[in-house]
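First comes the structure, then the notes that go with it.
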């Protein structure tokens with residue numbers, strides 16, 4: 001099975017030999033191979049017990065469920081990264097797209113009897129339309145104001161859900177729509193993994209293509225994009241629609257698995273919106289890979305903490321009862337240490353260790369520069385962009 | 001049917017709620033207007049104010065203790081937050097947004113860990129009722145109205161007639177200009193954060209004793225602050241007060257006249273309309289009183 005994944009990657013990377021890949025991509029391929037082999041490994045006699053130990057649950061069945069849920073969350077994070085990490089238009093309410101996708105699909109399935117495979121497509125379509133609805137105003141409003149609109153959009157949707165709770169189920173959600181592949185642990189795991197790989201491949205290829213370069217250019221300098229004769233409006237809306245559709249796809253598929261259901265708290269709560277941003281920023285904004293890795297980490301860390309049965313002596317609370325609290329503290333800590341994302345830090349560290357610091361010309365526009373390269377990494381660029389808005393807002397000191 | 005007494009009830013009620021909203025929003029607008037950063041931990045600071053009062057009550061410090069705790073602890077917290085995290089990120093508004101957002105999650109989850117998710121009742125500040133035009137209202141809400149205007153007045157005097165206050169104005173207008181005339185913007189920012197924290201604490205005290213206190217009470221207040229500040233124009237204290245009254249009246253009118261389940265929707269709709277039609281708000285950009 002790992003052969004299959006490497007051949008897919010090989011196809012993508014041209015005729016490169018997997019052994020000739022840069023170290024960071026080898027690690028990525030190995031990680032993917034591990035994820036693919038995971039259900040197989042847990043059923044092996046001795047190895048299985050060790051694998052269960054590193055899973056974020058007490059049994060392999062639950063472990064696969066939790067990893068599947070984490071894979072869905074990583075898809076959410078990647079969809080955020082596609083628009084916010086690349087164009088620099090920070091969305092504070094990406095849950096809107098997950099919720100539109102998930103609710104549409106669930107309602108088509110439960111209310112109108114469509115097969116979940118068809119209703120998921122309906123969810124994707126409506127989420128793409130939601131992408132247009134956020135993307136078009138985004139052309140007029142800039143920086144922090146856009147963050148406000150995106151922050152508020154899912155809250156309005158939530159209010160509508162609560163107001164019309166006979167249709168949308170209010171805060172309770174919609175119950176359990178039909179599952180795509182039944183209740184099987186392994187089948188649902190592979191559904192999540194397959195979708196994860198598909199979305200990852202699509203976004204990875206797209207962001208390393210010319211389109212990706214244009215999106216990056218929007219983040220770096222909008223005027224330069226216009227000056228080059230490219231319509232920045234078109235590409236911004238494209239990014240929002242793409243991100244919305246992918247977020248909607250992930251949300252729709254998520255509600256049709258046993259790990260998720262169409263409720264506001266799972267798809268669009270403030271916590272979800274925040275966690276998605278945390279995941280992508282922690283992993284490394286504007287890299288897709290960072291969002292994927294960060295998403296898995298953010299989703300699984302509380303699961304791991306839940307397993308710890310240690311009780312903190314002074315306050316008399318167990319670690320598992322405050323897993324989310326500890327998660328937030330760890331996040332705050334990591335944000336302060338690696339403001340550019342763990343991935344960039346890891347790549348820089350790896351380069352230094354392998355003595356290839358500074359080289360690697362053949363790298364695509366994935367923003368994989370070293371973190372010292374201030375001003376050229378996505379976070380710095382996005383900040384510069386926002387700083388400009390602020391300066392304009394406060395009288396433009398520089399003009 | 002809508003009759004005169006319903007309308008007068010709505011007006012009085014809305015005036016008092018709006019006074020609370022103004023308290024909620026002023027700290028947020030101060031920080032944005034002066035430091036140019038969005039403090040997404042503002043809601044959590046309000047929650048902290050309510051819980052400080054709750055703990056003061058638990059320790060038997062009575063009403064004065066509760067008031068004192070709800071002012072000093074959030075003010076202190078805001079100051080520490082500024083010095084410890086925001087100060088070195090000042091040129092990076094997004095990191096400030098993300099960091100303060102995570103800080104607010106930490107605070108909310110700390111309350112979940114230590115207090116659980118149930119609502120807590122604060123020590124009653126003022127009991128009894130008063131009546132205007134045939135309708136009765138809680139004395140607490142009346143006090144809220146008075147305190148709110150008192151504090152807004154004091155802030156106005158402070159900003160316009162003291163040296164530090166004029167420094168705040170100067171920094172809000174131009175960081176570079178302020179440093180040219182020898183104003184230390186980091187000190188001014190610290191003062192702004194402390195004032196904002198104190199205002200948020202008082203807002204939390206009133207909000208908590210009017211309704212109840214729970215870990216998530218700040219989230220809605222953060223959104224409300226956003227709406228008010230955007231409607232009034234970012235960075236304008238006068239705009240925030242007017243925005244608070246606009247949204248307060250609109251919300252009370254819709255919940256009373258249309259449907260009570262619409263609570264919370266009015267500010268959001270107003271916010272989106274204003275952002276799309278007049279993004280700079282009613283009193284955009286300038287920070288003057």
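Note that Cβ sites are derived from N, Cα and C of the backbone, with glycine treated the same way.
Keep in mind that TrEMBL annotations are predicted by a computer and have not been checked by a curator.
The model shown is predicted, which means the values in this text are computed figures rather than measured ones.
Straight from TrEMBL, the features:
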type	residues	note
TRANSMEM	B:6-30	transmembrane segment
TRANSMEM	B:37-57	transmembrane segment
TRANSMEM	B:63-83	transmembrane segment
TRANSMEM	B:95-114	transmembrane segment
TRANSMEM	B:140-159	transmembrane segment
TRANSMEM	B:190-211	transmembrane segment
TRANSMEM	B:223-250	transmembrane segment
TRANSMEM	B:257-277	transmembrane segment
Contact ranking winner - B:95-114, B:140-159, B:190-211 against the transmembrane segment (B:63-83), Cβ under 8 Å:
B:190-211
For the transmembrane segment (B:6-30), what are the same-chain contacts with Cβ under 8 Å, counting residues 6+ beyond its ends?
39, 42, 45-46, 78, 132-135, 137, 141-142, 144-145, 147-149, 151-152, 155, 168, 192, 195-200, 202-203, 206-207, 210, 221-222, 224-226, 228-229, 232, 234-237, 239-241, 243-245, 247-249, 251-253, 256-257
In terms of Cβ proximity under 8 Å, which residues at least six beyond the ends of the transmembrane segment (B:95-114) contact it?
37-44, 47-48, 51, 81, 85-86, 89, 214-216, 218-219, 222
Cβ under 8 Å to the transmembrane segment (B:190-211), counting only same-chain residues 6 or more beyond its ends: which ones?
20, 23-24, 26-28, 30-31, 34-35, 39, 42, 45-54, 66-67, 70-79, 81-83, 86, 120, 122-125, 138, 140-141, 143-144, 147, 151, 155, 164, 168, 217-218, 221
